[in-house]
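One structure is given here, and the rest of the page talks about it.
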Amino acid sequence: MISVAVLGASGRMGSHVVDAVNGAPDLELVAALDHGDDIAEAARAGAQVAVDFTVPSATEANVHALIDLGIHAVVGTTGWTEESLLRVEEHLRERPELGALIAPNFALGAVLAMRFSAAAARYFESVEIVELHHPDKVDAPSGTATHTAQGIAAARAAAGIGPSPDATTHDPDGARGAVIDGVHVHAVRLRGLVAHEEVLLGNPGEQLTIRTDSFDRVSFMPGVLLGVREVVGRPGLAVGLDRYMAL
Ligand SMILES: NC(=O)C1=CN([C@@H]2O[C@H](COP(=O)(O)OP(=O)(O)OC[C@H]3O[C@@H](n4cnc5c(N)ncnc54)[C@H](O)[C@@H]3O)[C@@H](O)[C@H]2O)C=CC1
Ligand SMILES: O=C(O)C1=N[C@H](C(=O)O)C[C@H](O)C1
């Protein structure tokens, strides 16, 4: 039995995680904490793993606190940078028995879409990303789109491919979107949506579209539970659920 704490337990994702942990025969929910609660309560309750679905401004401090408390971390919250990930990696070296999984997306379809996009990237002249989310989301572009763009950019750089062609010289309103590692990313916020992403890859006369849709937050739960079960045996930092999957 793995003892689990949930941080952000009253939120859209956290409340689903509470239900998923309660429904798993091999997991026991020992703490459901939200804004204003003392994170040390997770340790007092005996948590081995804490799942963090909070807010970008809180998640890094939560993870450092969990490491200090001797608790493995499974993190879905967005807002991570190269620098903040490095700080966690460094901190984990002081506690070699602990693991942390930080994953921009726990939906298996989204994990595969990120992998497929990176695999396809070198074969297309042009690539752009459109991410589409519910309008209550506080950050843009999404963590998933950022990670997807980084994977695509790394694959193109490794293959010696230059930037996607683009003749735009006049864009006073930012219509070409954000640019992450040279990849344009467009963010849509629309009532009715949950979490969606399209990667558009173009060549003369052809287009490949890789699309992933989460219509319901239950789509993230198998990945979260996989992370909880695996993190206890995988010390150090893992970025992306694909690190725990046989891909
Ligand atoms: N990796 C993935 O698969 C997914 C990641 N996300 C990300 O998860 C995060 C949360 O998303 P939602 O659940 O939609 O947000 P939400 O706003 O519904 O929930 C966040 C919860 O965290 C609580 N909170 C804020 N600061 C806290 C702190 N210091 N300690 C404990 N709780 C705190 C809030 O009170 C709230 O209940 C976002 O960054 C989002 O992008 C969302 C869906 C899937
Ligand atoms: O806020 C959300 O809802 C989501 N956030 C994550 C992200 O920013 O990529 C994962 C998923 O897209 C849902």
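Using N, Cα and C of the backbone, Cβ positions are placed for all residues, glycine too.
The active site, proton donor/acceptor annotation in TrEMBL covers His133. Sequence-distant contacts of His133 (active site, proton donor/acceptor), defined by Cβ-Cβ distance under 8 angstroms and a gap of at least six in the same chain, are Ser142, Ala187, Val188, Arg189, Leu190, Leu193, Val194, Ala195, His196. DSSP assigns His133 (active site, proton donor/acceptor) to a strand segment in the three-state reduction.
Around Lys137 (active site, proton donor), a 10 Å sphere centred on its CB holds 16 further CB atoms from the protein chains shown. Look at TrEMBL and you will find Lys137 tagged as active site, proton donor.
Sequence annotations record features per position, and here TrEMBL assigns NAD(+) binding site to Gly8, Ala9, Ser10, Gly11, Arg12, Met13, Asp34, Gly76, Thr77, Thr78, Ala103, Pro104, Asn105, Phe106. Close to Arg12 (NAD(+) binding site) in the fold, though at least 6 residues off in sequence, lie Asp136, Arg217, each with a CB less than 8 Å from its CB.
Cβ-based neighbour count (10 Å, all protein chains) for Gly143 ((S)-2,3,4,5-tetrahydrodipicolinate binding site) stands at 19. TrEMBL lists His134, Gly143, Thr144 with the feature (S)-2,3,4,5-tetrahydrodipicolinate binding site.
Annotation source TrEMBL lists domain 'Dihydrodipicolinate reductase N-terminal' at 2-106. In this model, the domain 'Dihydrodipicolinate reductase N-terminal' (2-106) carries an average pLDDT of 98.
What TrEMBL lists as domain 'Dihydrodipicolinate reductase C-terminal' is 109-236.
Comparing C-alpha positions, Gly8 (NAD(+) binding site) sits nearest to Lys137 among the recorded positions His134, Lys137, Gly143, Thr144. Using a 10 angstroms CA-CA radius around Gly143 ((S)-2,3,4,5-tetrahydrodipicolinate binding site), none of the recorded positions in Ser10, Asp34, Lys137 qualify. Within the domain 'Dihydrodipicolinate reductase C-terminal' (109-236), the DSSP-based counts of helix, strand and coil residues read 44 helix, 37 strand, 47 coil.
Checked against Thr144 ((S)-2,3,4,5-tetrahydrodipicolinate binding site), the recorded positions Ser10, Asp34, Thr77, Lys137 differ in C-alpha distance, with Thr77 being the nearest.
Under DSSP, the residues of the domain 'Dihydrodipicolinate reductase N-terminal' (2-106) split into helix, strand and coil as follows: 42 helix, 25 strand, 38 coil. Around Asp34 (NAD(+) binding site), a 10 Å sphere centred on its CB holds 14 further CB atoms from the protein chains shown.
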